[in-house]
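Peer 1: I'd like to ask some things about the structure below.
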Amino acid sequence: MRFCLLVAFILPGLFLVHAAPTSSTELPEASGEAPETSPLVQNDEQPHQRLTFYNWDYKDLGTTAFEDISFPARQPPAFVNQTEKCPDGWLRFADSCYWIEKELLGFAKAERNCFEKQSTLFVANSIEEWDAIRVQAKEAFFSWIGLVRFTHYEKLEQLPRWQTEGALNPTKINWLIKPYKPLFNGWSSLANCAASYKSPSSLESASYTYFYPCTYMLYSICERNSTIVNALQ
């Protein structure tokens, strides 16, 4: 009963609380320095079998858990020059640039929006990256990240899939209920998509990750990783 009351209390804040985003980590906006090229993290804790460079893409979003939107055939993203700056308004961490989306979107539209920006939804390759970027999200709201546990994979995999390879083991991030169990963290046949909540409180445990229905209108975080984008050429 205590758990249910907690969720019921949090959900209204999803749409009723309005606050300007603040940051506890100083990340420079487009600094003029090129994102450095580095090999993808090879993590022995990778939770699922490596399938392709993408662990999932827009073609996987055509199930009943996602909103019904059209996905035109996609071409490989345009070449990103290694001497290029992060675009205006983007944040930099290591070899990636990040966009904090201020429009409320369903998960599938958020993924398409990131693709149109030559990026993916945010995929954390380390706990340092996770902690640095999630605090940049809009305060007192949830933001979509590139982490999904698809209904059609549930019998094969307990852990959710990051959108791209080489990512942090998802059990390491700040789930609401630990140790990580999908059902205890909101997962269901319709709630396949993970979102990160940025609490206005300075208390670290007040911010967390939770599964929500993929049709919910949330903010989102895009990541343009120079290694990933250029490897897809």
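Backbone N, Cα and C atoms are what each Cβ position is placed from, and that goes for glycine too.
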Peer 1: If you check Swiss-Prot, which of Cys193, Cys222 bonds to Cys214 via a disulphide?
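Peer 2: Answer per the record: Cys193.
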Peer 1: Which of these links to Cys114 by a disulfide bond in Swiss-Prot: Cys86, Cys222?
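Peer 2: Cross-referencing Swiss-Prot, the cysteine bonded to Cys114 turns out to be Cys222.
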Peer 1: Going by Swiss-Prot, point out which residue in Ser24, Ser31, Ser205 is annotated as O-linked glycosylation site.
Peer 2: Ser31
Peer 1: Expressed to the nearest Å, what is the distance separating Cys114 (disulfide bond) and Asn225 (N-linked glycosylation site) at their Cα atoms?
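Peer 2: Given the Cα positions, Cys114 (disulfide bond) is 12 Å from Asn225 (N-linked glycosylation site).
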Peer 1: Where Asn225 (N-linked glycosylation site) and Cys193 (disulfide bond) are concerned, what is their Cα separation in Å, rounded?
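Peer 2: Spelling it out, the Cα of Asn225 (N-linked glycosylation site) and the Cα of Cys193 (disulfide bond) are 21 Å apart.
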Peer 1: Take the C-alpha atoms of Cys222 (disulfide bond) and Cys214 (disulfide bond) and report the distance between them in angstrom, rounded.
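Peer 2: Approximately 16 Å lies between the Cα of Cys222 (disulfide bond) and that of Cys214 (disulfide bond).
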Peer 1: What is the one among the disulfide-bonded residues Cys114, Cys193, Cys214, Cys222 whose Cβ has the most other Cβ atoms less than or equal to 10 Å away?
Peer 2: Cys193
Peer 1: Taking the Cβ of Asn225 (N-linked glycosylation site) as the centre, count every other Cβ atom within 10 Å, in any protein chain shown.
Peer 2: 24
